[in-house]
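*Asks:* Here it is, the structure in full.
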């Protein structure tokens, strides 16, 4: 029997009006039924109406069939709704497209999760656009300018270099553009990550809204990783805002020479950019409130870098704090920075390098129940779990973690990458992986480089007994002698058993030299283990190898002394016995 759809007026239903609901306006015509009239069938309802009086005996069966059909329809509808909801549910929502977010998203997608990454602007994060990549490209240009000036000591003389800052920045931008495709939306899509742009705000557990979405529908997720990074800190110094200070977000837009520059802060960013501008011909004044540059590093490392900065013409002023900024009169001649000791320094521009603050404002973390520290950092445990179930955090946004006394190298790209991997794995699979900051290295890419891993000497002495330091001056390293770079030093902090607790390397390629020491810190290895690893000669790593050989030599000498001492004790024990035997009367022959 073929059913065709036909609309009939309610008034024409005749006897059907009594049993068919008024809202039913569409019925089915039964074609070829042979009765010569319309048969009305309400498929999805309890009542079945036809043109003839119903068979009372079969009416109950038809009613029961209607009930069953309705229940089946509802079940199908619920299943379809659950399936659609499941398809829309995000396995892992990653907020932030910097290093931590990118690694987290790719890791989760590789594990088979449905991943959505939300980024306000462009993927790649601070490292690609304003941090690691542009700064190292800038320092490379500065190194070439310095080599031209410094060639005379090697017998190579040249005219003073002409620095075209616009061309330098073109090189910087080109480096960014060459690396950017790796972190592009297209590359992420190829890896199984869906990218959405906009400003996200959490509205409750498992829910978030995204500004700019066409339908305005909320995002629903099972797990989330907060990886929104950090922004440059601008202190509330009177007059500073009027000076339109440079930060790492804006310095790469310069296209004209900067004759003079005042840098606030002598941490890694301030030292790198201060030295870079000085080598490109800018008169640089570097201000630091602490008593030395790189105040978190070993004092000896700070002293050696401070001397190198001075040799490059940087006016380093430690123990000084800026208290006010004002325009130099007549207008247009730059800015004057007043210090807390009453002194004043001038610069055409002011660069602020006083650290970074976590970008957590406006995320709606309170709606999730995520706890933040007074600094704004998200509080996590060593598995990167926040106080909210199913919510993790990674990268610069994360607060302090247990580190065994090591200074936390939080605002570094490689640390963010480790965080992203750990957070995503724990979110998608199970929270089993832990972050261990004891073996997180850090490098300041000045000339010379300053690299560190693990504990400083002072921190080691606070938590361990029998701490000693193996120090090797780079004047004893043949490669350093050949390149006339003998001002560096390698210091390895050891416990009483010779295990490496921390290390500092100051010199060219210090970041690469540090790698094998980092491996020892990570697995609690002994320095003398490297004595059996053949190193190419001459290399910058000879300092570490020589330190390992010296450590092994001392250990062997100590073992030999102990062995000799044991033999001496045994000898002393044997001699009295022999004397006693010699003094005993021999038995008389019978």
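Each Cβ is built from the backbone N, Cα and C atoms, and glycine gets one as well.
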*Asks:* Of the residue ranges 51-85, 86-120, which one carries the region 'Disordered' annotation in TrEMBL?
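*Replies:* Checking TrEMBL against the ranges 51-85, 86-120, the region 'Disordered' one is 51-85.
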*Asks:* Averaged over the whole of the domain 'Pyridine nucleotide-disulphide oxidoreductase dimerisation' (440-547), what is the pLDDT?
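*Replies:* Mean per-residue confidence for the domain 'Pyridine nucleotide-disulphide oxidoreductase dimerisation' (440-547): 97 out of 100.
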*Asks:* What are the other residues, in sequence order, whose C-beta lies within 8 angstroms of the center of the C-beta atoms of 265, 266, 267, 268, 269, 270, 271, 272, 288, 355 at the NAD(+) site?
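*Replies:* So the additional residues around the site are 263, 273, 274, 293, 294, 353, 354.
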*Asks:* Least buried of the recorded positions 127, 132, 269, 271, going by other Cβ atoms within 10 Å?
*Replies:* 132
*Asks:* For residue 396 (FAD binding site), name the DSSP secondary structure in the helix/strand/coil scheme.
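*Replies:* Looking at the DSSP assignment, residue 396 (FAD binding site) belongs to a helix.
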*Asks:* Please compare the binding-site residues 265, 267 by how many other CB atoms fall within 10 Å of each one's CB, and tell me which has the fewest.
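*Replies:* Ranked by other Cβ atoms within 10 Å, the binding-site residues 265, 267 bottom out at 267.
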*Asks:* So for residue 396 (FAD binding site), how many other CB atoms are inside 10 Å of its CB?
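*Replies:* Counting Cβ neighbours of residue 396 (FAD binding site) within 10 Å gives 27.
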*Asks:* If you draw a 10 Å sphere around the Cβ of residue 136 (FAD binding site), how many other Cβ atoms fall inside it, taking every protein chain shown into account?
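*Replies:* Excluding its own Cβ, the number within 10 Å is 14.
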*Asks:* Residues with Cβ closer than 8 Å to the Cβ of residue 288 (NAD(+) binding site), same chain and 6+ apart in sequence?
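*Replies:* Residue 288 (NAD(+) binding site) has long-range Cβ partners 265, 266, 270, 295, 316, 317, 318, 319, 320.
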